[in-house]
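All remarks here apply to the structure that follows.
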């Protein structure tokens, strides 16, 4: 480093080191054993498939069929039965439309809404008395209360009956959880977990871990389904560990902790992030690419926020816009590794996709990365000038700098034939569902990261912008933002059935991005300061298999 560089005052911050070291670098392949397990899995899949198909034409079995589908989804094995589930739900929808005749209307409503069917909430009018209050009989049905509570999170703007039902069920369930602490601690815990995080916001693999032991305790459980859930979980965990080993070797080659020590070393957490977006085996290459992009996006974030000086950032931004290795000589020494790392992962994926005639898909991902970097540069400009943007100015840029519009486009790369050029173009236009996911990411991040970022030269957060513009307290802003976050979730539900030209598996990736935020940033910035909860999640998903 030159004497000139040494005099530069950098907005440096010391982030906690990685808690994982090289734990995931080595992967022990057990192919022979896995082949035997896969044979058993295929037999179990056929058993469950028959259960689904046999119930289709028997209307009296349709409620039980919905309960079976719900169990399959919560056990994390719906990817084994995508076609069968789609066929079953379409058949039931064609049979009843909005006029559901079976039991468990709350379950019917939730499953169809989360699958992208727009069914009416008028079915819940039967739950109310003439004076508008909810029927007293509902308070005695714990399972029914839980089902109704979970259904309310699939509401959209203007559905007042669901807003009322949420208040009603939360009040009842909160009381029940306290009353049952001693008499039925298992049920009390189950209720508390639901109140803490509704099903609609949970990550599938984490819900599978939580639900498998619960399902096993049900006297009515399907033995084939239970065994399939356990074996399937462990099989998939083995694939995920193999992928993480590959990403770990790539990260080790960059040696970020030594070469760029100012940046967060969160590669394992970034893989967890990508795993939250898609865990299914067929998305393996997409998941590996996304994990690498998120890992480097974290370093880019820290370069702009916590280390780079304004003139350096201008040069780096221009280099990313040009996207050419010939730009590398214009960069400061420490930025060269980062720039080369970014270009290399896109080039590598371009070569992989080129074998299928889809190399051009990377051009969409590059465009979203360029826009992402431009948003960082705008925030760096504001920070350099000491400018506090209005809340509206801030959000127009912060939606992009959250990284979620970039990730919403990038996560489609490598997903297979389901992704078309039109799907990428749709994502790049930032449709309402992408904007909603971005809003959730930005607002949750700002609520919990603001205090740490104030301690260094950093653009005013959306919290500070709102406080200054409207002359209100931080506590008031947090309430406003939490309401905006809930509204964004409603926008996601509203948009799922609207985007008919975009396949549901692609929409699900955008929704899953929002779900990851609800895990990582619900109570604090659990990504920067990795706590015990996230460590436990990662260990349970990537270290410890489920006992069979």
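Yeah, the Cβs are placed from backbone N, Cα and C, and that goes for glycine too.
According to Swiss-Prot, the features are:
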BINDING   301, 305  Mg(2+) 1 binding site
BINDING   301, 305  Mg(2+) 2 binding site
BINDING   445, 449, 453  Mg(2+) 3 binding site
MOTIF     301-305  motif 'DDXXD motif'
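The structure, with features from Swiss-Prot marked on it.
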residue	record	Cβ contacts under 8 Å, 6 or more apart
301	Mg(2+) 1 binding site	376, 403
445	Mg(2+) 3 binding site	402, 517, 521, 525
449	Mg(2+) 3 binding site	461, 525, 528
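Just so you know, the Cβ of residue 305 (Mg(2+) 1 binding site) picks up 22 other Cβ atoms within 10 Å once every protein chain is counted.
Averaged across the motif 'DDXXD motif' (301-305), pLDDT in this predicted model comes to 94.
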